[in-house]
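Here's the structure we're looking at; comments come further down.
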């Protein structure tokens, strides 16, 4: 019985040491976490659950024995029974404490592993964000270059448009001057045609007069 109590004390101190090591970030904590990860693979969880169930059954039986000893009359309890009762109470308390600390170790291991996974996920997300930021910066620089090139093209097209407008205006002015010149030439042509007609009519009248005078002479 004494050896069982000593074993329970060793288990309690071991579990307390594991909990203390979980609380501080040291290389030993990483080694313990890796060891527990390996223990929880394969048949490890089944073995641990079987041991925990066995300890629980023993604790329940011990509590039942304690209740039985406490239910006896005070006169019927001898010093040996009192020592046995104290021993069983200590044993039951140690077993319950072992189970509680074991549960604490399991939960701490689970939460630390989840925390490590979350940190890795956050680091991966940060890397993706940095990569996306770099990509966005690259895209932004490319867009700036495209915008500057488009602005240069627009300025070039505007200058070409202005040159073409000047050329069109000059051609329009030339066409207006040519139109004025053609109108003046038409007016001159009409005047010349009119003068030509007048001269023809005068010549005809002169010819008629000459022919009339000749006929009179002949008679």
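Placement of Cβ uses the backbone N, Cα and C atoms for every residue, glycine included.
The stretch that TrEMBL tags with transmembrane segment, taken from the ranges 27-45, 46-64, is 46-64. Beyond the transmembrane segment (6-25), the same-chain residues lying 6 or more positions past its ends with a Cβ under 8 Å from any Cβ of the stretch are 32, 91, 94-95, 97-98, 101-102, 104-105, 108-109, 112.
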